[in-house]
Amino acid sequence: MENGRAHTLTVLFILTCALGYVTLLEETPQDTAYNTKRGIVASILVFLCFGVTQAKDGPFSRPHPAYWRFWLCVSVVYELFLIFILFQTVQDGRQFMKYIDPHLGVPLPERDYGGNCLIYDPGNETDPFHNIWDKLDGFVPAHFFGWYLKTLMIRDWWMCMIISVMFEFLEYSLEHQLPNFSECWWDHWIMDVILCNGLGIYCGMKTLSWLSLKTYKWQGLWNIPTYKGKMKRIVFQFTPYSWVKFEWKPASSLRRWLAVCGIIFVFLLAELNTFYLKFVLWMPPEHYLVLLRLVFFVNVGGVAMREIYDFMDDPKFYKKLGQQAWLVAAITATEFLIVVKYDPYTLTLSLPFYITQCWILGIILVLTWTAWRFFIRDITLRYKEIRRQQQEHKYEKDKCLSNGDGLSSILDEQNGNKLRERKL
């Protein structure tokens, strides 16, 4: 407690000194735009300092609780920024991005990943496999590391594979809206699902297996005598303090089934927001803001998933959804609302007829399975159980009646013997 109090006082002292230096010793520039930017940045930094020292701790404590409190406060700042963008006109919102980067605010063409889909192109004698090499860009390692980290968040192979395959179906369905969703079939299923996503999920599951088997017994750094042991302890500081295995069990109850479906839906919506946001805000795919958003979700996603799992697994103890999970859901919804407001025309482009038929069929199958598993099947099992109990009750009743008849005949025989004895 004393260390925590000392840290809060230290941060407050440093913050006060910095503000005092700006106020007393620094001359304010006569540039309104510069002063506005600096004032906003200073306000954000003060809020982050307050949150890191005063916000409530989440479920994670490694490498340090302050690290996760920092990302919680970043979530609040990002949500407020999204709400500000949401309340602007489309033109003002896009031009506002120039205050962050002067190169933004300009329409950018989307790259088309389709085109020539031949794996082996005999017409190109120099390099017949040029189509494959053209697709090997920076997004290949991004797919791998992204799914490796998502697996560490979700901790379930089936859920990861369902989200991976579902997103490829979404790309097929929405390629008429966003050109960069148009990819070759082997780019979808071989490079993405099998190689990049599949390999990332496999490595993630191996890491989860190692973490679940690891012994979590911690010792203070200064209590370790050897230099090698101290270095090992420093490295292990970036591993979990303890381990919780996620057992989602979606088919165990209707509540868990709906919760898992909701998690998958939010994951897919957040993935789609990545592409639609840079499309409506005119940000190139390689821009640092796109990368910062992905880094942000990597850090807050794991905490949100743990809070959701705790809320599902023990609702009596965790009576409300965790703060980070609440913010992630709010951020995902706000991003989608920005997309809806800034480009409703693209979102309302009608799906091709065969795509619509496929989605209707899929929805019907999911609803049918849900009705059978949690309603029809339960009613059938309950009816069979009632019938079984009735039959058992009837059998016991008949047995009791038969036992009662035998007893009455024995009593009659005894009474007859007594009468005969009296007569004699």
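Here the Cβ of each residue, glycine as well, is placed from N, Cα and C on the backbone.
TrEMBL entries are annotated by machine, without manual review.
Over in TrEMBL, the protein carries these features:
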- 6-25: transmembrane segment (TRANSMEM)
- 37-55: transmembrane segment (TRANSMEM)
- 67-87: transmembrane segment (TRANSMEM)
- 157-174: transmembrane segment (TRANSMEM)
- 186-205: transmembrane segment (TRANSMEM)
- 257-276: transmembrane segment (TRANSMEM)
- 288-305: transmembrane segment (TRANSMEM)
- 325-342: transmembrane segment (TRANSMEM)
- 354-375: transmembrane segment (TRANSMEM)
Go through the chain and flag residues at least 6 beyond the ends of the transmembrane segment (325-342) whose CB is under 8 A from any CB in it; none is fine as an answer. 72, 75-76, 78-79, 82-83, 85-86, 90, 93-94, 266, 269-270, 273, 276-277, 280-281, 297, 300-301, 303-305, 307-308, 311
Other same-chain positions with a Cβ less than 8 Å from the transmembrane segment (157-174) and lying at least 6 residues past its termini are 147, 150-151, 181, 183, 188-189, 192-193, 197-198, 201, 204-205, 248, 260, 263-264, 267-268, 271-272, 351, 355, 358-359
Folded-back contacts onto the transmembrane segment (354-375), same chain, C-beta under 8 angstroms, at least six residues removed: 172-173, 251, 253-254, 257
What same-chain residues lie close to the transmembrane segment (257-276): Cβ under 8 Å, and 6 or more beyond its ends? 150, 154, 159, 162-163, 166-167, 170, 174, 178, 180-181, 248, 250-251, 290, 293-294, 297, 305, 308, 312, 328-329, 332, 335-336, 339, 343, 347, 370, 373-374
